[in-house]
Each structure stands twice: as C-alpha cells, then as structure tokens.
Amino acid sequence: MRYGEKEIKEFDVENMEIWPNDAKNDYIIKITLPEFMCCCPRSGYPDFATIYLEYMPDKFVVELKAIKLYINTFMYRNVSHEASINEIYNTLKDKLKPKWIKVVGDFNPRGNVHTVIECCSDMVVPK
C-alpha cells in the first residue's frame, strides 16, 4: 500500500485536525475540492463531483490537508450524492461550529442527469 492510500484508509474524522482562529475580523473561507469521488450505492459505479465549501469561522478553522484526507475517504464508500454532501456538511458544522457554512456538491453528469446538492446553515425553504 502506498503512503497516500495508507493516510486515506487510516484517517479518522474524530481526529480531524482543526486550528484556532485567532483573527478578530469576520471573514469567509472558500475551499474547492475538484476531485471528489464516491460510489453509487446501487450500482457501485464511481460518481465524481466538485465540492465547494464556504464558511465563516468562529473559533476554529479546518487544516487543509485534513479536509483533503476527509474528502478522499469517500472514494470507496457506497453513498448517494445527497447523503455524502449532508454528511460533509454535518461533520464540518459539528467540528468547526462556524458562524455560517455552505457545502455544495456539483456532480458530473451520469446517464444524462446533472445533480447539484447544497446544504447551507441559513437555508430558506421556497414556498
């Protein structure tokens, strides 16, 4: 097993590295993760997406290698588009406790269907 595979397989989300946010100003962090992959829970075929993460930190920020490793843990998991984005959103919201957070998964088309999943802490439900 190569070192990257080992890091991904051994990554424990409970120990995700987060750092203190010492900034006094409110600001937005935007992270793009263009190589997300998970496996369809029905067929096992791979699904690919770009994940867009935006958040306004409060006391903590996520370390960039930690978020990369966490996202890569989905690579061999059988999980739906909806479940994967909701899990990422909930994990980061629980770990970082940001003032505001949004996670978007823009999935590559498969079978002529393009899916975008969005979770946001200030989501307004359309009527």
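Positions of Cβ are set from backbone N, Cα and C atoms, glycine also.
A quick note: this is a predicted structure, and the numbers were derived from the prediction, not measured.
The active site, thioimide intermediate annotation in Swiss-Prot covers Cys40. For Cys40 (active site, thioimide intermediate), the same-chain residues that are 6 or more apart in sequence and have a Cβ closer than 8 Å to its Cβ are Pro46, Asp47, Asn78, Ser80.
If you look up Swiss-Prot, you'll see Asp47 marked as active site, proton donor.
Secondary structure at Glu63 (substrate binding site), as computed by DSSP, is coil. What Swiss-Prot lists as substrate binding site is Val62, Glu63, Leu64, His81, Glu82, and the listing cites sequence analysis.
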Response to the item:
In three-state DSSP terms, Cys40 (active site, thioimide intermediate) is classed as coil
Worksheet item: Which chain-mates of Glu82 (substrate binding site) that are at least 6 residues away have a CB under 8 A from its CB, listed by sequence?
Response: Ile117
